[in-house]
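Structure first, then comments.
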Amino acid sequence: MLLKKLNQNNFFFRLKYGYQSRQKNPKYFHNPLVEGQYAVTPARKVPSNITRPSYMTDKKPIYGIYEGPAVTHDKHMIEKLRKAASIASKTAQVAQRSVKKGMTTDDLDKIVHDYIISQNAYPSPIGFMGFPKSVCTSVNEVCCHGIPNLRPLEEGDSLNIDVTIFYDGVHGDTSVMASVPKMNQEISKLIETTQKSLYEAIKICRPGQKFSQVGKVIQEIANKEGYYVSEVFTGHGIGDLMHMPPTIFHTQNHYPGVMVPGNVFTIEPILLIKEVQDYQIWNDNFTIISNDNPKQLAQWEHMILITENGYEVLTKRDDETEL
């Protein structure tokens with residue numbers, strides 16, 4: 001999920017349809033990641049024969065469309081999205097299986113980059129609003145948009161690996177959780193519950209279903225387990241642009257519209273052990289952390305196609321039997 005940065009327009013949109021800020025004195029981490037402690041290496045090179053997304057070539061790039069009716073794709077576009085989603089899914093699996101103690105997220109960036117290039121695809125994060133790497137790696141207390149760096153992964157770390165690729169004119173987008181043993185049992189349960197909330201939200205998708213019901217399902221599951229759902233970060237439609245309508249809220253909301261065949265969008269909830277009162281954006285303009293205790297959040301993401309009779313998970317992985 002490489003969403004638009006948290007600016008006034010983005011917050012206004014969330015206030016309009018679902019997000020209600022509760023500003024209080026923020027709690028700080030006991031052992032937080034230190035901003036700027038580890039270096040970020042330069043962006044990796046992409047061969048010239050690989051097609052770039054328009055934001056890499058246009059003088060006035062459009063990164064996304066954030067309001068308007070949900071986009072409906074035709075059969076030709078759906079086939080292209082299906083292929084792009086498959087590449088993203090396989091990339092995420094390769095990355096997830098590579099995680100081990102002592103490697104850096106920069107190492108993971110190279111693994112992701114090399115695999116995407118091997119598929120003749122473009123790593124969508126590179127150059128998206130200035131993002132410097134090929135994948136987002138959000139470690140421990142990082143909510144999203146973490147930039148890979150030279151910090152070695154430690155025992156008990158958890159991280160979200162958010163993969164977006166561009167192939168044949170469209171984007172594919174998915175994210176997975178990975179962890180370094182020995183993982184705290186409470187965090188393991190949070191990771192499992194977050195994935196369950198995603199699965200259950202997917203299962204209600206069908207023609208005629210309200211987009212707003214996705215958030216209702218996720219919030220009910222989270223609350224039942226005593227967890228909280230981030231209200232700020234959302235799913236989104238996807239196609240030739242990385243972000244387009246509809247916007248998919250993960251909490252109770254009143255976003256308008258119903259699903260119709262040809263809609264393609266992401267569902268990507270972030271669940272937290274403690275309610276977050278405030279967020280902080282690092283000076284890199286991308287890394288977003290919660291002003292709360294570390295290692296207390298999890299996120300999973302899938303791309304969903306609405307079909308004539310229900311849904312298709314375009315980014316379904318080989319090891320997923322629940323969908």
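Here, residue 1 is simply the first one shown, and the rest follow in order.
Cβ coordinates are placed from backbone N, Cα and C, and glycine is handled just like the others.
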Listed co-binder of divalent metal cation 1 (same site as Asp162, Glu301, source TrEMBL) among Asp168, Asp173: Asp173
Candidate sharing the divalent metal cation 2 site with Asp173, His236, Glu301 (per TrEMBL), from Glu67, Glu79, Glu141, Glu268: Glu268
Those binding-site residues of His145, His243, Glu301 having Cα within 10 angstroms of Glu268 (divalent metal cation 2 binding site): Glu301
Local confidence of the domain 'Peptidase M24' (79-308) - pLDDT mean: 96
10 Å Cα neighbourhood of His243 (substrate binding site): matching binding-site residues from Asp162, His236, Glu301: His236
Distance [Cα-Cα, Å, rounded] between Glu301 (divalent metal cation 1 binding site) and His236 (divalent metal cation 2 binding site): 11
